[in-house]
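Undergrad: I grabbed these lines from Swiss-Prot:
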BINDING   12, 94, 188  [4Fe-4S] cluster binding site
BINDING   40, 72, 122, 160, 216, 218, 260  (2E)-4-hydroxy-3-methylbut-2-enyl diphosphate binding site
BINDING   40, 72, 122, 216, 218, 260  isopentenyl diphosphate binding site
BINDING   40, 72, 122, 216, 218, 260  dimethylallyl diphosphate binding site
ACT_SITE  124  active site, proton donor
């Protein structure tokens, strides 16, 4: 049984940077927390907790120590609160997310009605929106733009993991309304590259394994894309979930992983697949 690992499986730049910053902070003596999970990987979160870095949902019960800002970013008000409490802040917000926050702040201050293309329930989007003063709308698609009230000049940014096609559909709808439309392409291509690679790999194999947190939106999307092409697709978080029966009649297995999946988990899965291979 041949096993093919996608070249870009695993950590993207922003996640790698955030986890490095978190593990470095964990080595210090003072009390340290992450505001929300540092990334959408329960295994990384657990590892940090073992090192004494807990997760807090908000800062209401925190009066001192170090707070690590997660890769998705946090609300502007939460960042202000951390500074007001004179906590040591380790800002591990992905630089691409930071740029989106800054663009919303600028557009809002410059009098634009702001559209954020993305998932309103995602913490990254909630953080980006919070940097606007008022008249900031979250839209998931071009169709939703049609339902918005009449606007003046419009500014558009996107959740970093959105597809370019979706951003384009929103911008097209904004242009139809007339008036000034200012667009910042804040999409990071790490998601698109992983999705394209997974699409190509799923076409070549008899079975796909997608590794990553069940709470990771980008990993779930990878699993959906692979399933559409190869129905024998399995989304797992760890090697322990692998079932030998999945590989009956299988000659080739493709493996990919979400942008928040650490290398050690990918390595464990590859080792487990070697064991399965050797037992046949």
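Placement of Cβ uses the backbone N, Cα and C atoms for every residue, glycine included.
Quick one: how deep are these features, and who are their neighbours?
TA: Taken residue by residue with DSSP, residue 188 ([4Fe-4S] cluster binding site) is part of neither helix nor strand, so it is coil. Of all the Cβ atoms in the protein chains shown, 22 others lie within 10 Å of the Cβ of residue 188 ([4Fe-4S] cluster binding site).
Contacts of residue 218 ((2E)-4-hydroxy-3-methylbut-2-enyl diphosphate binding site) defined by a Cβ separation under 8 A and a same-chain sequence distance of 6+ are given as 161, 191, 194, 212, 258, 259, 260, in order along the sequence.
Residue 72 ((2E)-4-hydroxy-3-methylbut-2-enyl diphosphate binding site) falls within neither a helix nor a strand when secondary structure is assigned with DSSP, and so counts as coil. Around residue 72 ((2E)-4-hydroxy-3-methylbut-2-enyl diphosphate binding site), the same-chain residues at least 6 positions away in sequence with a Cβ under 8 Å from its Cβ are 36, 93, 94, 97, 122, 123, 124, 127.
In the three-state DSSP reading, residue 218 ((2E)-4-hydroxy-3-methylbut-2-enyl diphosphate binding site) counts as helix.
Counted within 10 Å of its Cβ, the other Cβ atoms near residue 124 (active site, proton donor) come to 25, all protein chains included.
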Undergrad: Given the binding-site residues 160, 216, 260, which one has the fewest other C-beta atoms within 10 angstroms of its C-beta?
TA: 216
Undergrad: Excluding 12, 94, 188, which residues of the same chain place their Cβ within 8 Å of the centroid of the Cβ atoms of the recorded [4Fe-4S] cluster site?
TA: 13, 14, 15, 71, 96, 97, 160, 161, 190, 191, 259
Undergrad: Excluding 40, 72, 122, 216, 218, 260 themselves, which residues in that chain have a Cβ inside 8 Å of the centre of the Cβ atoms defining the dimethylallyl diphosphate site?
TA: 39, 124, 161, 213, 215, 217, 219, 258, 259
Undergrad: To the nearest whole angstrom, what is the C-alpha distance linking residue 12 ([4Fe-4S] cluster binding site) and residue 160 ((2E)-4-hydroxy-3-methylbut-2-enyl diphosphate binding site)?
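TA: Spelling it out, the Cα of residue 12 ([4Fe-4S] cluster binding site) and the Cα of residue 160 ((2E)-4-hydroxy-3-methylbut-2-enyl diphosphate binding site) are 12 Å apart.
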